[in-house]
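Handing you this structure, nothing more for now.
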Amino acid sequence: MDWQTTSADTAPSSFITEEQDRSLFGKPPASGAWKESDPVGGRRFAGIGAFGFESGESLPFVRIAYETWGELSPARDNAVLVLHALTGDSHAVGAAGPGHRTSGWWQGIIGPGKAIDTDRWFVAVPNMLGGCQGTTGPTSIAPDGAEWGARFPFTTIRDQVKAQAAFADALGIGRWAAVVGGSMGGMQALEWAVGFPERVERLAVIAAPPHSTADQIAFNSVQLGAIRTDPLFHGGSYYDEKDGEGPHQGLALARRMALITYRSLSELNDRFERTWQSGISPLGDGGRFAVESYLDFHGNKFTRRFDANSYLTLVQAMNSHDVGHDGSGLAAALSRVTATTLVVGIDSDRLFPVDGQELIASHLPAALDGRVPLVVRSHFGHDGFLIEDDLIGGQLRRLFAA
């Protein structure tokens, strides 16, 4: 795969060229979020009204940005909800262009004749609550005329699914033919099946755990700290700052940390080894190792399309994830799932290891593969679910045939 022609979130690790480095010359914006003055692109918008959070806080109005593919049947019984990962958005299919800084993140999975066949299914992909690509989040304008920023309510996975349920109501969809999600989207998909079992016919949970772990929270805490300790973060009030004067260094550092967990040990070692970038020694001569250049490039690129407050909001939502946190416990929560379920793990995933998917599958009443997950072999680690179209697509075809 030529990673230069694919979405930034689906790119296998590779060397960075001088041309790519030059493409990021210039100061990054204070926030890389989509703005109302930007082109709409393929987005549509659905208002869901006032919204109450688990924390007890509320917003007077919430809007969901989304994109769709395929045609909704007259009976409204062919709708598929696809949920994106932490830094994804509604643009699952399509080229980069006005309104969309990256190309679609699941183009090999969604489309005519593909695993999620848009000749048969109506596919809806919303940007999650708290995101920064059109759905209400920290970059949205509060009633006082300023961005919500750090004032945005603490958001949980359950809050995000509640907003998605209201979004489904706005579309007139009472029951999804399938809910599909990977990574953070997989957390939401699982929460859908637990919280709204009567509204989910099929379920795919890909590379996601039943709850966050201490190890995952620890990695996340360092990323949160990188942003909060950036001297240009200003407690989350940076939206009026000039280009180059926002918390881009902290956000880029958080992204670099995250990328390490998204890739496998073997992929990074095999691709980069101890190679120098541009032939300049990193051993005292001011150069960088190639893997450092890769992380720097993608960290800096990320600041052009994401927002620091939104990143904090969404990472903390991931930390909140626990499908049994209502007091019933994990086993009781998962026993409520009635959907025909596909649970997929990736053998090289070091962000959400396979033991999490094993825990999910062991308590599900109607999993396709019984009490064990389907584990795919991939060189790419956690991001294999975004890269391995044939492997992941083949499993999704099984689910949609069920």
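The backbone N, Cα and C atoms fix where each Cβ goes, glycine too.
Pasting the feature list from Swiss-Prot:
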- 1-39: region 'Disordered' (REGION)
- 1-17: compositional bias 'Polar residues' (COMPBIAS)
- 78-388: domain 'AB hydrolase-1' (DOMAIN)
- SER183: active site, nucleophile (ACT_SITE)
- ARG255, ASP383: substrate binding site (BINDING)
- ASP349: active site (ACT_SITE)
- HIS382: active site (ACT_SITE)
Quick one: Cα separation, the residue listed as 'active site, nucleophile' versus HIS382 (active site), in Å?
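With the alpha carbons as reference points, the distance is 8 Å.
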As a test of the contact definition, list every same-chain residue at least 6 positions from ASP349 (active site) whose Cβ is closer than 8 Å to its Cβ.
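ALA207, SER264, GLY381, HIS382, GLY384 - these are the non-local Cβ neighbours of ASP349 (active site), listed in sequence order.
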So for ARG255 (substrate binding site), how many other CB atoms are inside 10 Å of its CB?
23
Using DSSP and collapsing to three states, where does ARG255 (substrate binding site) fall: helix, strand or coil?
helix
What mean pLDDT does the predicted model reach across the domain 'AB hydrolase-1' (78-388)?
95
How many neighbouring Cβ atoms, not counting its own, are there within 10 Å of the Cβ of HIS382 (active site)?
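Around HIS382 (active site), other Cβ atoms within 10 Å: 24.
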Tell me the Cβ neighbour count for SER183 (active site, nucleophile), meaning other Cβ atoms within 10 Å of its Cβ, over all protein chains shown.
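The answer is 27 other Cβ atoms.
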Including all protein chains displayed, how many Cβ atoms other than that of ASP383 (substrate binding site) lie within 10 Å of its Cβ?
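Its Cβ shell of radius 10 Å holds 28 other Cβ atoms.
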Let me know the DSSP-derived helix, strand or coil state of ASP383 (substrate binding site), please.
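Where ASP383 (substrate binding site) sits, the three-state DSSP reduction gives helix.
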